[in-house]
Amino acid sequence: MFNRNLTLDQVDPDVWAAIQKEDVRQEQHIELIASENYASPAVMQAQGTQLTNKYAEGYPGKRYYGGCEYVDVVEQLAIDRLKQIFGAEAANVQPNSGSQANQGVYMAVLKPGDTVLGMSLAEGGHLTHGASVNASGKLYNFVPYGLDADEVLDYAQVERLTKEHKPKLIVAGASAYALHIDFERMARIAHDNGALFMVDIAHYAGLVAGGAYPNPVPHADFVTSTTHKSLRGPRGGVIMMKAEFEKAVNSAIFPGIQGGPLMHVIAAKAVAFKEALSPEFQDYAQQVVKNAKVLADTLVKRGLRIVSGRTESHVMLVDLRPKGITGKEAEAVLGQAHITVNKNAIPNDPEKPFVTSGIRLGTPAMTTRGFKEAEAELTANLIADVLDNPRDEANIAAVRARVNELTARLPVYGN
């Protein structure tokens with residue numbers, strides 16, 4: 001039998017040591033990677049329970065294994081809470097990731113070779129929206145759409161391509177697009193031309209839940225998402241759909257592309273969804289956007305160019321070409337200053353994907369630790385200070401000291 005009193009540091013000190021160092025890094029650094037956030041202790045506790053031991057192929061009330069009466073309760077709570085947050089008719093909480101959620105929708109309604117419209121990866125889309133290196137781009141005939149001359153989503157192009165190519169499905173959503181997406185307009189284009197409409201809100205889900213970004217659920221046939229990022233849950237995925245597609249989507253997830261669901265993760269999803277229904281989460285989502293706008297505005301005042309000129313969400317792309325520094329270099333020097341960002345291609349980027357001409361910044365994690373407008377403005381100025389003198393080690397050290405003071409004052413996991 002197992003001894004309940006044995007702790008990880010006793011069983012595996014090597015893994016424990018690495019975890020402790022990562023804990024220190026997360027506490028000391030300002031996290032600005034737009035896809036990252038901090039899960040609550042309750043979410044992490046749920047994910048570390050005995051539910052990890054339970055196989056539960058199937059769905060609540062219709063399992064292929066016995067002993068599922070309690071995990072059925074957990075999964076149904078997750079489903080019901082997700083539907084309540086977004087006003088969805090039906091939901092599946094079993095996808096292990098956002099990519100698998102997207103794959104599940106594709107498998108439910110498409111055949112290999114079917115035509116699909118998706119946002120170009122080069123202009124802000126996601127790998128699973130038809131990138132040639134991704135399974136979606138290999139299995140289906142994806143036609144990319146992008147931005148207009150003002151770096152705004154080109155709805156006229158979407159309509160033109162829809163009429164020309166007659167896709168079976170149009171996919172909206174992005175991994176690096178700062179503005180609101182007009183989901184109602186996109187849905188009208190799709191449905192007026194006989195196409196289904198899917199929205200991937202992996203990046204925006206927490207903002208939608210908090211009323212800080214438009215909700216696509218009333219307009220879309222399918223809405224997919226991750227459960228981490230701005231939603232602040234465990235790493236995983238979900239699908240919401242019109243009731244008429246529930247059976248097809250459920251069959252596509254299991255037995256189509258997955259076997260037994262990760263019940264410990266679904267428990268953590270249920271906890272995160274309860275948190276997202278709270279008034280405090282509404283305030284959080286609004287603050288994420290406020291912080292992002294201050295961050296972007298301050299960077300512009302410091303001479304940096306923001307793609308699309310502004311942000312209306314949690315995320316922004318910074319074009320570094322006027323600074324004469326690549327995204328790869330900026331990521332490295334900002335990391336030395338304890339500011340964590342990711343290099344990111346800008347629209348029509350001349351640099352290679354591992355180099356890039358830009359960085360992507362996001363405010364979900366900084367907001368979770370209690371940053372407000374004043375801290376967002378300070379963070380932007382610290383970023384600009386580093387990028388003004390990226391090879392000055394004394395300058396980087398001075399910024400790092402100020403970052404450490406700020407993060408010590410506002411810890412992620414306080415007492």
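The backbone N, Cα and C atoms fix where each Cβ goes, glycine too.
Look at Swiss-Prot and you will find Leu121, Gly125, His126, Leu127 tagged as (6S)-5,6,7,8-tetrahydrofolate binding site, backed by sequence analysis. Residues or ranges marked as N6-(pyridoxal phosphate)lysine by Swiss-Prot: Lys229. Under the heading site 'Plays an important role in substrate specificity', Swiss-Prot lists His228.
The structure, with features from Swiss-Prot marked on it.
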{"residue": "Leu121", "record": "(6S)-5,6,7,8-tetrahydrofolate binding site", "CB count, 10 Å": "24"}
{"residue": "Gly125", "record": "(6S)-5,6,7,8-tetrahydrofolate binding site", "CB count, 10 Å": "25"}
{"residue": "His126", "record": "(6S)-5,6,7,8-tetrahydrofolate binding site", "CB count, 10 Å": "24"}
{"residue": "Leu127", "record": "(6S)-5,6,7,8-tetrahydrofolate binding site", "CB count, 10 Å": "16"}
{"residue": "His228", "record": "site 'Plays an important role in substrate specificity'", "CB count, 10 Å": "27"}
{"residue": "Lys229", "record": "N6-(pyridoxal phosphate)lysine", "CB count, 10 Å": "28"}
Other residues, Cβ within 8 Å of Leu121, Gly125, His126, Leu127 Cβ centroid ((6S)-5,6,7,8-tetrahydrofolate site): Gly118, Met119, Ser120, Thr128, His129, Gly130, Ala131, Asn134, Ala174, Ser175
Whole-number Å value for how far the residue listed as 'N6-(pyridoxal phosphate)lysine' lies from His126 ((6S)-5,6,7,8-tetrahydrofolate binding site) (Cα to Cα): 15
Inter-residue C-alpha distance, Gly125 ((6S)-5,6,7,8-tetrahydrofolate binding site) and Lys229 (N6-(pyridoxal phosphate)lysine) (nearest angstrom): 16
Where Gly125 ((6S)-5,6,7,8-tetrahydrofolate binding site) sits in the secondary structure, as DSSP reduces it to three classes: coil
DSSP-derived structure type at the residue listed as 'N6-(pyridoxal phosphate)lysine', helix or strand or else coil: helix
Rounded inter-Cα distance in Å - Leu127 ((6S)-5,6,7,8-tetrahydrofolate binding site), His228 (site 'Plays an important role in substrate specificity'): 18
Whole-number Å value for how far Leu121 ((6S)-5,6,7,8-tetrahydrofolate binding site) lies from the residue listed as 'N6-(pyridoxal phosphate)lysine' (Cα to Cα): 19
Distance, Leu121 ((6S)-5,6,7,8-tetrahydrofolate binding site) to His228 (site 'Plays an important role in substrate specificity') (CA atoms, angstrom): 21
